[in-house]
């Protein structure tokens with residue numbers, strides 16, 4: 001589990017300066033001053049960004065907001081070119097968007113090991129060996145290296161989770177993700193226990209790992225910024241499957257179901273076009289008659305499963321349903 005989830009950060013980046021070319025003349029026996037042989041400066045290091053499917057947050061960059069690449073080295077005698085500066089690579093989760101401070105999208109990282117150059121390093125300056133000509137046999141000048149580029153980037157993460165768990169506060173989302181993945185979120189009996197998106201990975205039989213995101217509880221008006229607001233709803237946009245969760249403890253199932261549907265519809269209508277499943281949690285509190293009453297209240301077109309993290313009812317059915325769709 002990621003205790004300190006971060007999905008938005010600003011970082012200052014500077015690529016490396018190019019090394020300078022040098023002024024140097026060949027020295028040989030019996031020759032006081034030979035021809036120019038000053039080498040070129042090395043190229044400054046680039047700033048790159050790389051996708052890493054083992055990362056699920058950009059929290060590791062929270063206290064490293066200055067990324068500076070190495071400068072190129074100056075040239076040497078005998079026309080030796082200075083070594084290039086080392087690149088600085090920013091590792092980010094899949095689904096990271098890179099913007100400028102005006103919110104314009106620059107690039108998006110969508111694949112593991114996908115690598116993009118954010119800033120090129122400065123070019124190395126030329127040594128004096130380049131400036132010899134018929135009019136000037138002994139040039140006493142060389143070029144300085146080009147300065148590196150500076151820029152402030154905004155990194156925003158939209159999680160590329162396979163499954164998004166959505167529900168009202170205290171509906172049992174965190175308990176569910178702790179039961180079917182290795183995630184251990186904070187769980188308590190009060191609303192908004194989940195203050196950040198929790199990420200868990202489900203490993204089941206021969207299926208590839210399945211990433212599940214527990215989105216903080218949605219309340220009426222969430223799409224307009226109420227409660228924890230829409231800042232977390234953006235993570236749902238990239239989920240392949242949406243799992244709606246209603247607690248068996250609520251009384252008006254249809255009402256709370258409609259709150260979730262309406263908020264998602266206001267935020268992004270395309271979310272409701274995704275594969276989805278309705279889960280009634282804490283079903284150990286229900287007898288068969290109450291389950292039947294709930295089913296009558298809910299829309300007939302919804303696929304639903306009753307689950308209990310206490311009795312384990314429905315958990316394997318839920319896992320199988322998710323795996324079957326993703327396969």
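Cβ coordinates come from backbone N, Cα and C, glycine included.
What Swiss-Prot says about this one:
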{"type": "BINDING", "residues": "167-174, 192-196, 214-217, 281-284, 308-310", "note": "GTP binding site"}
{"type": "BINDING", "residues": "174, 194", "note": "Mg(2+) binding site"}
{"type": "DOMAIN", "residues": "3-160", "note": "domain 'Obg'"}
{"type": "DOMAIN", "residues": "161-327", "note": "domain 'OBG-type G'"}
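You'll find the Cα of residue 216 (GTP binding site) roughly 9 Å from the Cα of residue 174 (Mg(2+) binding site). Under the DSSP three-state reduction, residue 216 (GTP binding site) is assigned to coil, being neither helix nor strand.
According to DSSP, residue 308 (GTP binding site) is assigned to coil rather than to any helix or strand. Residue 282 (GTP binding site) is surrounded by 21 other CB atoms, counting those within 10 A of its CB over all protein chains shown.
Straight-line distance linking the Cα atoms of residue 282 (GTP binding site) and residue 174 (Mg(2+) binding site), rounded to a whole number, equals 12 Å.
When other Cβ atoms within 10 Å of the Cβ of residue 170 (GTP binding site) are tallied across all protein chains shown, the result is 20.
Of all Cβ atoms in the shown protein chains, 30 besides its own fall within 10 Å of the Cβ of residue 173 (GTP binding site).
According to DSSP, residue 167 (GTP binding site) sits within a strand segment.
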